[in-house]
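Worksheet for the structure shown next.
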């Protein structure tokens, strides 16, 4: 049976639409070009980090160093890239290679990714403090121009989100490279029996995640205009939540890039929604958790209904 | 124009020049706070509520809502500030998670015509006002006090705050500079106490066995009691420990004074600085000419004021003072 919309996507889209309607109802001022951009521009780096996390989850791993790594990329972008572009690019490329090497290490030694990435999070965090001991630095001019640009018709945040979703979708869902990566998460043994090197595949998955994470750090600096070694620590949990909200699963290589971007947008919007409700801060963490549980519970119901059908 | 008309005109001009330039009774001010998880921040929020509730009731401003981010993260606070822009506040008062990471969001607010005043955790974005603490001077003052108490000098143990936070760097820089100018003092050990008694106690207990005799401990506040506990547990003589106005620190000091005449000094910033920032924002909305950089006065507890401070400071709290409009005007006038 062919359907127009992937059922895996229906729920994330629905949650996002419900939240958008609620936010517009609470705060009609948000219903404008500038308003929508203000609501969503900080979701762009989160969406990129979520795609990076999704690629790791796709190969049955989980990355607990995402926040620290994005912070490091942000520090390099703010402290080194404007002063010495060549060195900055070199360092960022080095970060991506380090990520690929981690993937290879995890596959060769059969290490649990959760332990390796947790350990690496302290390495990334330390490196970020070394590069930027106290908050500061300036974003490269072109990056600020890009992130603050005002394209016609649709705000930058929307254009960027659509672009990220499209690129990730084509790369992961449509290319043969993406199919192999997903197969590694689905059935690693079958992949190795078919003659593919699982080491190379896992390394390239981590490298690809590293590229998206570096882009996330750069986008974040473009928005904040300067860096801080602790800037993105929250991204670790946000990115995992985004993947799951967007219909991804922890095992089996079942993920959805479009859903992940929508998940990131939903998480960002949930924060604004609670803030517009004037909910006491003591309740906000709980309320954010409640929204997450609500969406996940709805997903469980949908899946059960699917099974019965 | 008739003579009477002239007089009336003159009176009107006088009235306009002398009184409030603009009415702020319809203006709404928001507090964007990044963290509420310690006694200092709790007292800060209580001060804000006390002073702004009265200001709203008196019709000075139309509203003054406080928002705290769920987690102490710059990205979350940036989103919070962008939400405040959408909510149409006239001014935003910020205690920032990062001096730089909010600059983008703050620029958006300024571009939307919103007055932004940062305090305590100030921001570097040029369009915002800063009600800053001279943390460097706070560090230097500690050494200046010790110079008076210990003319011979001696070994110092430094307890630092949270690594990578600018306040820690600044207090440390002040201490380091003052020690360089006073070679009779020597910093023989340095630990991170994270401004928390339990962390400080663990860190000091860990480094103490490797240290020679310590004449004094320079601190950043919130860590003095923990340091004292660590010294007592190790059975070492209690050095002069600079305190940071926390109730447990003052209480310990009071007990020691009753026992053996222990003397030290306690300095910190009153959490009520949030109310100073509130009045500064109100003055800017009022159309007053306010310099972009203002400095907060320190609040020190000396042996003479210890009893009063102990009485006024709630259990588990920190010594506090609520600022008034007059205080804010004095600070503004003092900076010009």
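For all residues, glycine too, the Cβ spot is worked out from N, Cα and C.
Here TrEMBL flags A:9-26 (among others) as transmembrane segment. Residues of the same chain lying 6 or more positions beyond the ends of the transmembrane segment (A:9-26) and with a Cβ under 8 Å from any Cβ of it are 39, 245-247, 256, 258-259, 262-263, 265-266, 269-270, 272-273, 276-277, 295, 298-299, 302.
Here TrEMBL flags A:38-57 (among others) as transmembrane segment.
Residues or ranges marked as transmembrane segment by TrEMBL: A:64-81 (among others).
Under the heading transmembrane segment, TrEMBL lists A:87-106 (among others). Sequence-remote contacts of a segment are chain residues at least 6 beyond its ends whose Cβ falls under 8 Å from one of its Cβ atoms, and for the transmembrane segment (A:87-106) they are 59, 61, 69, 72-73, 76-77, 80-81, 113, 116-117, 120, 199-200, 202-207, 209-211, 213-214, 218.
Look at TrEMBL and you will find A:113-133 (among others) tagged as transmembrane segment.
Here TrEMBL flags A:153-172 (among others) as transmembrane segment. Sequence-distant contacts of the transmembrane segment (A:153-172) (same chain, six or more residues past either end, CB-CB distance under 8 Å): 33-34, 36-37, 39-41, 43-44, 47-48, 51, 54-55, 58, 147, 178, 181-182, 208, 212, 219, 255, 257-258, 260-262, 265.
Residues or ranges marked as transmembrane segment by TrEMBL: A:203-225 (among others).
Tertiary proximity for the transmembrane segment (A:231-251) is limited to same-chain residues at least six positions away from its ends with a CB under 8 Å from its CB atoms, namely 8-9, 11-12, 15, 45-47, 49-50, 52-54, 57-58, 60, 62-68, 70-71, 74-75, 121, 185, 216-217, 220, 224, 258-264, 266-267, 292, 295-296, 299. The transmembrane segment annotation in TrEMBL covers A:231-251 (among others).
The annotation transmembrane segment is assigned in TrEMBL to A:258-277 (among others). Long-range contacts of the transmembrane segment (A:258-277) within its own chain (CB-CB distance under 8 A, at least 6 residues past either end) are made by residues 8-9, 12-13, 15-16, 19-20, 22-23, 26-27, 30, 39-40, 42-43, 46-47, 49-51, 53-54, 161, 164-165, 168-169, 238-239, 241-248, 284, 287-288, 291, 295.
What TrEMBL records for A:283-302 (among others) is transmembrane segment.
Each of A:38-57, A:64-81, A:113-133, A:283-302 was scored by its Cβ pairs under 8 Å to the transmembrane segment (A:203-225), and the highest score goes to A:38-57. Residues 45, 49, 52-53, 87-89, 91-92, 95, 99, 114, 117-118, 120-122, 124-125, 127-128, 131-132, 136-140, 143, 210, 213-214, 216-218, 220-221, 226-237, 239-240 of the same chain, all 6+ positions outside the transmembrane segment (A:64-81), place their C-beta atoms under 8 angstroms from a C-beta of that stretch.
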